[in-house]
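Pulled from Swiss-Prot, these are the features on record:
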TRANSIT   1-12  transit peptide
ACT_SITE  TYR79  active site, proton donor
BINDING   ASN160, 183-186, 206-208, 277-280, 302-304, LYS368  NADP(+) binding site
Amino acid sequence: MLRTLRTSQLARSGFGTPSFGLRFNSVGRAFVFSQTGEPKDVIQVLEYPIEKPLENQVLLKSLGFTINPADINQLEGVYPSVPPKSVQINNEDAAIGGNEGLFQVLDPGAKSGLKKGDWVLPRKTCFGTWRSHALVEADTVVKIDNTDLTKVQATTVSVNPSTAYEMLKDLKEGDWFIQNGGNSGVGRAAIQIGHIRGLKSISVVRDRPDLEVLKKELTDLGATHVITEEEASDKLFSKQIKSWTGGKIKLALNCIGGKSATSIMRQLGAGGSIVTYGGMSKKPLTFPTGPFIFKDITAKGYWLTRWADKHPEEKAKTIENIFKFYREKKFVAPPVNISTLDFSKGNDVVLSEFLDALGKAQKGGGKKQLVQWVEY
């Protein structure tokens, strides 16, 4: 059942409500949840009134937001970080969904340090990007230089490219890495960032009818080799991998788990590391003992949220470096499926359209789901 709500009981730090354009209307909209469970059952659309910013606040409009696996996990209640419940609806605490998005300044407070028209990104995670407008403290966002940037590039920079950039930062020119999920958002970003930095890569993908098309697409992005999961797990094919790399793969990036993770771990050279940043298969990690003893392999996890919230200034530098790659035409944005929400339509229609995008995100398929509001 679709749920639409209206409220005037708002936390000033959480909501602001200008029109979507540069003029002011009466309401903004947000996708919120007050309990966890099946995403389509817990998401509600909230309509909220306009408030003017105080001197240290800023009024924002959304230029787009994404739906990432972490967002879905937060709705399901299986993610360690959760957005704050900063608004009351029907006497229940509710949180705004979304961690990644791009905003534009509509009305800057006198001491905000921002100006009308500026593009900004959330400084930390759990910002609540799934809303048309936001009234926030100015120090919770970071201004970006939007010169030669598209909205898609800026909207999608904070999660996948930043994750890839940080996981590869300790490798040196000429080093090898191997990754599963080579067609994923992080995988594509890692291929490109690695290529820019002079790294060599092997990307593992699932077999499919258009495999050769995908292989060409990824090698055009900069992948040194693209192989299938079956090849990665084949002990005979491991000899081919060793002939390419000299047995000196330093890093394995794992976003799948299960047998796929085991396969790429086996390809590591002495002193190599496998870093797990996701678990799409929902299968546990099972590694043989030998490589850990005789090849001094290490295994660890990487969680962008922890790093980004602990080091927001470093995160800002990482994002600016990725923007530099975009401006130099060295980096390509991930494939996206853009869903548009028409602000002139009723709440039931808007919620239905959002749930359709959410369903596509849950199914996966290689394209990031990006949502934009239609201006009017």
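Placement of Cβ uses the backbone N, Cα and C atoms for every residue, glycine included.
Overlay of Swiss-Prot annotations on the structure.
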residue	record	Cβ contacts under 8 Å, 6 or more apart
TYR79	active site, proton donor	ALA70, ASN73
ASN160	NADP(+) binding site	SER184, GLY185, VAL186, ARG188, ALA189, PRO334, LYS368
ASP207	NADP(+) binding site	THR228, GLU229, GLU230
TYR277	NADP(+) binding site	THR163, MET167, VAL186, LEU253, ASN254, CYS255, GLY301, TYR302, TRP303, LEU304
GLY279	NADP(+) binding site	CYS255, ILE256, GLY257
(request) Could you tell me which three-state DSSP class LEU304 (NADP(+) binding site) falls into? (result) helix
(request) Run through the Cβ atoms and count how many others sit within 10 Å of the one on SER184 (NADP(+) binding site). (result) 24
(request) Within 10 Å of the Cβ of LEU304 (NADP(+) binding site), how many other Cβ atoms can you find? Include all protein chains, please. (result) 23
(request) Select the most exposed residue of VAL186, TYR302, where exposure means the fewest other Cβ atoms within 10 Å, treating these as the binding-site residues. (result) TYR302
